[in-house]
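According to TrEMBL, the protein has these features:
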| type | residues | note |
| --- | --- | --- |
| ACT_SITE | A:Glu162 | active site, proton donor |
| ACT_SITE | A:Glu314 | active site, nucleophile |
| BINDING | A:Arg123, A:Asn161, A:Trp322 | substrate binding site |
| BINDING | A:Cys127, A:Cys167, A:Cys169, A:Cys172 | Zn(2+) binding site |
| DOMAIN | A:26-389 | domain 'Glycoside hydrolase family 42 N-terminal' |
| DOMAIN | A:402-607 | domain 'Beta-galactosidase trimerisation' |
Amino acid sequence: MTAPTRRGLASLTDRPGGRRLLYGADYNPEQWSRATWREDAALMRDAHVSLVTVGVFSWSVLQPAEDAWDLDWLDEVMDLLHEHDVAVDLATPSASPPPWLAALHPETSAVDARGVRMSVGSRNHFCPSAPAYRAAALRVATTLVDRYAGHPALAMWHVGNEFGQECFCDLCAAQLRRWLSARYGDVDALNDAWGTAFWSQRYRTFDEVVPPRAAPYLHNPAQLLDWRRFTSDQLLALYREQAAVLRAGSDAPVTTNAMGFFGGVDQHSWAADLDVVSDDHYGDPQDPTSPARAALTHDLTRGVAGGAPWLLMEQAAGAVNWRPHNVPKTTAQMLQDSLRAVAHGADGVCYFQWRQSAAGAESFHSALLPHAGPDTHLHRAVRDQGRVLALLGDLVGTRVPARAALVFDWPALWAGGLPARPSDRLDVVAQLEAYHRPLWRAGVATDVVPSDADLDAYDLVVVPALPLVADRAAAAIAHVPRRGGVLLVGPFSGVQDPTTRVRTGPFPGPWTDVLGVAGEEWRPLPDAGVALRSATYGDHRAHVWSERLEARDAQVLATYDGADLAGAPAVTRRVLPGGGQAWYVSTLPDPAVLDRVVLDCAAAAGVHGPLPLVPDGVEVAQRGDLVLLLNHAGDERAVELAPGARDLLGVPVRDGVLRLPSGGAAVVAGVASAPPG
Amino acid sequence: MTAPTRRGLASLTDRPGGRRLLYGADYNPEQWSRATWREDAALMRDAHVSLVTVGVFSWSVLQPAEDAWDLDWLDEVMDLLHEHDVAVDLATPSASPPPWLAALHPETSAVDARGVRMSVGSRNHFCPSAPAYRAAALRVATTLVDRYAGHPALAMWHVGNEFGQECFCDLCAAQLRRWLSARYGDVDALNDAWGTAFWSQRYRTFDEVVPPRAAPYLHNPAQLLDWRRFTSDQLLALYREQAAVLRAGSDAPVTTNAMGFFGGVDQHSWAADLDVVSDDHYGDPQDPTSPARAALTHDLTRGVAGGAPWLLMEQAAGAVNWRPHNVPKTTAQMLQDSLRAVAHGADGVCYFQWRQSAAGAESFHSALLPHAGPDTHLHRAVRDQGRVLALLGDLVGTRVPARAALVFDWPALWAGGLPARPSDRLDVVAQLEAYHRPLWRAGVATDVVPSDADLDAYDLVVVPALPLVADRAAAAIAHVPRRGGVLLVGPFSGVQDPTTRVRTGPFPGPWTDVLGVAGEEWRPLPDAGVALRSATYGDHRAHVWSERLEARDAQVLATYDGADLAGAPAVTRRVLPGGGQAWYVSTLPDPAVLDRVVLDCAAAAGVHGPLPLVPDGVEVAQRGDLVLLLNHAGDERAVELAPGARDLLGVPVRDGVLRLPSGGAAVVAGVASAPPG
Amino acid sequence: MTAPTRRGLASLTDRPGGRRLLYGADYNPEQWSRATWREDAALMRDAHVSLVTVGVFSWSVLQPAEDAWDLDWLDEVMDLLHEHDVAVDLATPSASPPPWLAALHPETSAVDARGVRMSVGSRNHFCPSAPAYRAAALRVATTLVDRYAGHPALAMWHVGNEFGQECFCDLCAAQLRRWLSARYGDVDALNDAWGTAFWSQRYRTFDEVVPPRAAPYLHNPAQLLDWRRFTSDQLLALYREQAAVLRAGSDAPVTTNAMGFFGGVDQHSWAADLDVVSDDHYGDPQDPTSPARAALTHDLTRGVAGGAPWLLMEQAAGAVNWRPHNVPKTTAQMLQDSLRAVAHGADGVCYFQWRQSAAGAESFHSALLPHAGPDTHLHRAVRDQGRVLALLGDLVGTRVPARAALVFDWPALWAGGLPARPSDRLDVVAQLEAYHRPLWRAGVATDVVPSDADLDAYDLVVVPALPLVADRAAAAIAHVPRRGGVLLVGPFSGVQDPTTRVRTGPFPGPWTDVLGVAGEEWRPLPDAGVALRSATYGDHRAHVWSERLEARDAQVLATYDGADLAGAPAVTRRVLPGGGQAWYVSTLPDPAVLDRVVLDCAAAAGVHGPLPLVPDGVEVAQRGDLVLLLNHAGDERAVELAPGARDLLGVPVRDGVLRLPSGGAAVVAGVASAPPG
């Protein structure tokens, strides 16, 4: 018996008549009548919807009791969708087990860090370690693959939903001990890695270790970090168990939906198990930084996919309902958000959900088909968007031509979020945003990659915030300027090894040589910040953080002017003999200054965006040989393009100038060449 | 055997020598010596105190052990009070069971949503479902009625105190299931009502349902709403059980004290079981909106009483002690607060408490007799107030001539407070206040009534915020303009049916026809709000909320000027063929503008206050044929009255003009006629 | 058998070659290799380190399993330190029991007020009542004293660490009942003291009493206060048990480290059991009030020591890591902080910790030897400080010449922090700071003493905030002006007796006669505060608090100008026939005015600092016959001294003027005479 050939996103996008970007939504037919199903299918076709995710929360309907099954309705829905040319991403419903399971097996419900067992009546209450839960989840997955592997609508499998649960119960404690035993071999290795000599925490046996349950003061940080690793691995085991069953019976690709920078799972460690990388993204429409954050997150997701196309599995058409105050998107924002995802590598954009629920906890979450029905401003825009996406089939399968990389991974994120650090104002993701924004604004294609990624393809490597990094990864990063590239490192990076142990000696330990600097003290700043003096960037203020630093073999581009650090280096650059450059920024400079630092690094690396001049307020991004333009400004913007440029969406280009209205979008051909590979 | 004739508040106010407004306080003699009792009784008589509530927290003294009783002290107190012409509102002490009960029956203590059982040493720790608690509470009630039903001081029964507890224990879970079974009949009806098809929450049997205990994410909103209903009903059953015992042995009226808009119980569903409607009200003296809020709350309480007189059971003479910072009332505020309650329908004003405690958790709560004793500024004002109230016997039993109604009920309040709504800044009570304030300022008598009230008596009906409403009630509201009245509806009303299910199609579903508008999208606003254009009201800004709306058959009085809604209707008015009017306000306009909208509606309905001109800072209200005036301004205000007007409290009226000093109060005869009925 | 002679701090400071101030840190060798120990010992000697605390968190290393011991490493460390002339303060490791103890005896882990048992993996998780914990703690203490009593490095014993834990488990409940039974004799006395007649809390037997566990509303305040007393006593019993074992086998002094105003233990009730009084102090370097707060706290610690020298056991060399944002000290602040402690009576200054941890929860807490090693800015300053301290041996054993006292004790602190008070903005410690600051600024030596202290030595006695005070102590305070001294009393003092019972009648009850005032109402102020009129101090605003007061036999120095209190006294002074004075401040005046009031009282008492003129920004304090000067200003300050004055630290004094640079410190001889005694 040979394993079936595993297929990816191309199996959904590549159609006999040509390639198509996927467009769709979660669809929850169990909430509606048969008549509504028919209306839905017809409206989907009208809106060019090509993919719906079905069954994410259907367990209690599919299996209303331990030995009762009701799948006929799903047969009918699958048939109906197929008739309307809508493919199905069929979910295993394991994210929300039915009440009967909790009633029969109370241990299948999770327990929090204070010992409280979660009740039914919400969702995501399962304990990932409970054998009864795992058996039940496998049983329903098996039932689905047995019945639908061969259905013509079946295009993809979707395991669970937004993994990220934590459970502190005794079953999980036992699993944790097994995991630790496998990781460390013997308990002395654990004691050493966790530094249990401090605070009298030395363990005699693995049996004495518990999850980081409620405690009177700070937990051991290495314990907390391993807890995060264990939680991610434990959920991955749960995913793998179901994926194995699906793959044994079907050759459709298997996916699950991640949540960007959410800390619940280490996406990089999951990547090998995903046939399609999917992400859910819910930016706040009221927040002007949401577009930049979205672009960064998409660059992360593309990195998880190894640069291959990925799928935006969930977003909101209008408002969400889980913020305290939920300002909706405009329909212009709705389209811009989708096109941004495509420009950053998505081969499909989907939503939560197709038809807005009338009942349940998400009835005030927007959907593609609002309560008020199809004859509405929103749904007309949904149909328009379907038409727009249909014009962009040429993008399918193409790559983003990134020669710049930002380094980020979950162990660093987790370490940066541990308690009792020098400052909780120094935030890993906020630093990542600060260094990504100038590149995004300039339209520079940038990959977000983990610290152990292969960096050879990048001329510019930026390490905004990597407080924790392994020696080997650190060495690979240090190699970048040595082979002629440009390396830019932000403050408080390289500080800890993978066990959270601080590297003693001058910092940033693994990079003092290549950067030519030696630090000895982190000095969080008073609220007023500190003055920086710089001939290059002008005098300005920096905030939150400073470091006592010596420039041993580096040019000093800015110095501190504070009483205690007066004249000491703040920003440095070392030009290596081979022409490579190594920059260090030891503080949080004024954002405008940081933007210039980053762009100077990009220029030194010869990295630039697809257009020489982009007007203020216009977002630009290249994918394949096409260039996306989004006007965020309050009025029209004129964008100078090359002669012969044209917009695939129909905005006329006159004399090489495209006049983009406020809120408008264009996808321009003829100004860029496709990246190699 | 015939049931004894049940009597109401008149049995307390109507005396052989004429009617009297009740005046008094909680009295806790178990905290004091016999000598102090004698001093108290004499001081009460001096202060014209006519009613005290005794025994609210006396259980552990009355019944010091399971089979030990000590009632002699209470005999003596009752006799003493009677000698001093002070009537007694005798309480069942069920709000705070004694420690021995918790020690004998741990299950009588409540459990919170996280499974923690409440300890003794505070109060209100009982589980309303525990049989041992209920039996013990009935036993003490029986003992009291057996002993005091015939006592000449006994004037009223007071069951428990400020009902509103929640308990999530297994006994309550069993009761919840019984309640749900009675409400829904079979579990499929519950599944349908709760929309359990969403998030895989379908229940196989009622046995699987639990209270909304700790869960990892949002609870099912219908479950939360039914939990509120159940909690109110469960407490009502507890009240009824005791009331039945009291009524079986006594014909004195039975009451308990509610807490205004507090969400713990649905007062409207309790009303039929109350012989006297009582309310506790503790406004913050530092908050300038407290008078308006008090008036609104009194209008609510009067509505619960069906327009009949009610009793202000508790208020503070000076400061409370449960806010973080407790600014006291001035003595002028003390009198104004009492007179406001009377003007809004109270036939008595009482306080917590008579003598300020020297020990216990409320020793820093003010009282009528402060720690410093009777020869104090405060206690002199208390005696003055007794004299003032004694002048107002003519008001007893009279009605408030309301032709305007605000619609409010608890299911709507509860629905408006559920999580995961479009915006938690749209607050049901705050909206109620916004629409009530201009009517209150103008002295327009206004009833606050539930959505299923008989609205025929009202020329103006205002629905500020009724997110949840039943079809039948909605139809009755829609009838108001059809019979020639004026209806004014605020945003996000009529959205949900009683199960929290959203009405699909254009909104506000039940009223689109009568209002002549059709909405399709709720759009919470960015913090900056939105500009409104209005020829009628002038251009101004609105905040928090907007709606995408079409005026199908209505005049547009204001339009939005935001990018996404430019030119769309914000405020509309439909004049019906019969002259009735139907107004819709889809946003939160500038308060000054909303005031004008509400007063325009009042004018259209021919509804107005008792005086044509009221100076700024003077509060006015009519009850019977008397008009109350309160000067909140920092200096004297001249109020123009009709010739022949006179103030019962002694402020001289010269040439029809009453000069009211800052902080002063007047009760004017001769400017208004009594309402019918 | 005779008890060994107990020795104090002098046994550490008085050396054959003369006296020395102690200098050192916690030292945790179990975190490091043998090679590092040798480097540490050499560096300690270089830095003039004379004392290290060893073993605070060594339990799990010393006793890796119930019947396994490993003390050889400690032998070696003790020997090595002795070779380098570093004395050892050897700790019992009871603050953090090893995981195996929790595994064997789960009941040794504490339970919080909500019933959650604390997990291992942090520290301080022990239940102070668990017999298994106490036996294990005694066993390890016995092992240590048996082995090290005679070691030449052993200089002091250190029991546990920063006592202050709470545990609400059933074992603690049983201990609480025993404690209450001992305190009250019979349950009726408890009922009376706790005022259980309120809210039906009367207990039938002690068995019904529980710790103040989770409750639905306010706890009984007397119960809360007794819980604090019990907790402190229970921890004291734990301390005593170990101290007894240590003393039985060793004549070295016994100490433990307190935490200033921290509410966990009543230091005054512990004082008799401490051979050396030690304190940990971690001011926030970013907070400009930190120096004043530090001086106040040191004055408190000296008061606990009865005026004798004490030991600053822990402080930070740079930053801590437990605030959200940890700004470090400058090295100038580091030295100033140490010298301040010495000037306020410390005979030694120590740090947490010697070598910065590379692992564990405090790896980002600064230390004397940072991660970056000895060749650093910080460590050079550490060595400099060692040299400076070595110059100040003459201070050892000298007293602070205090003729002013501030009255403070823990029962008052606890009472002031109970819930449901008139205002939580009236803070006991903040009031203490407000009255201490002007004295500190003027260099007036001030003791902080408990209310039952002997006050005879003081010419000025200040009672800033003593809401709870016993009759006897109140009488002693009232005696101060009667014997010719000056008494200054702040608002809301003398209100409650030791059971929290409010004294009825005019306030401040015990002092109305001596102050010549009678109060009847506390009136927390609206946010805007209130105007005060004063011919003496000028018109100004007061905040937070006012009182309705009558001046019966006192001069009125300021009056209220608020609507409700217009013209009533705010600040009063009574000059007694014998010349003594009694001042009362009933509000929180503008700080500049309060400063003047306090200094007027000091002048009336003839109390002043050591220098007639101190420039702004310069802190001054006298100890023995030496005067400390610290310049907090941003530039140099000239200080006029007496002719012949000289600075022991080397700042030249020219023509009687010392020019102190910004951040500088001086210790001046020749300007003051030593206090008697």
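Keep in mind that glycine also has a Cβ here, set from the backbone N, Cα and C atoms.
Unlike curated records, TrEMBL annotations are generated automatically.
Shown here: features listed in TrEMBL, placed on the structure.
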residue  : record                    : contacts (Cβ under 8 Å, 6+ apart)
A:Arg123 : substrate binding site    : A:Phe57, A:Ala95, A:Ser96
A:Cys127 : Zn(2+) binding site       : A:Glu107, A:Thr108, A:Ser109, A:Ala110, A:Val111, A:Tyr133, A:Cys167, A:Cys169, A:Leu171, A:Cys172
A:Asn161 : substrate binding site    : A:Val56, A:Phe57, A:Ala91, A:Ala95, A:Ser96, A:Thr256, A:Asn257
A:Glu162 : active site, proton donor : A:Ala95, A:Asn124, A:Asn257, A:Ala258, A:Met259, A:Asp280
A:Glu314 : active site, nucleophile  : A:Asp26, A:Asn257, A:Asp280, A:His281, A:Tyr282, A:Cys350, A:Tyr351, A:Phe352
A:Trp322 : substrate binding site    : A:His365
Subset of A:Arg123, A:Asn161, A:Cys167, A:Cys169, A:Trp322 (binding-site residues) with C-beta under 8 Å from chain B:
A:Arg123, A:Trp322
Take the Cβ of A:Cys167 (Zn(2+) binding site) and count every other Cβ within 10 Å, whichever protein chain it belongs to.
25
Roughly how wide, in whole Å, is the group A:Arg123, A:Asn161, A:Trp322 that binds substrate, by largest Cα to Cα distance?
17
For the recorded Zn(2+) site, enumerate neighbouring residues of the same chain (Cβ within 8 Å of the Cβ centroid of A:Cys127, A:Cys167, A:Cys169, A:Cys172, site residues themselves excluded), in sequence order.
A:Ala110, A:Val111, A:Pro128, A:Ser129, A:Ala130, A:Phe168, A:Asp170, A:Leu171, A:Ala173
Which secondary structure state does DSSP assign to A:Cys127 (Zn(2+) binding site), in the simple three-class scheme?
coil
Could you please provide the mean pLDDT value for the domain 'Glycoside hydrolase family 42 N-terminal' (A:26-389)?
98
Through the lens of DSSP with three states only, how would you label A:Glu162 (active site, proton donor)?
coil
Around A:Cys172 (Zn(2+) binding site), how many other CB atoms lie within 10 A of its CB?
24
Using a 10 Å radius around its CB, how many other CB atoms surround A:Cys169 (Zn(2+) binding site)?
22
Check A:Cys169 (Zn(2+) binding site) against DSSP and tell me helix, strand or coil, would you?
coil
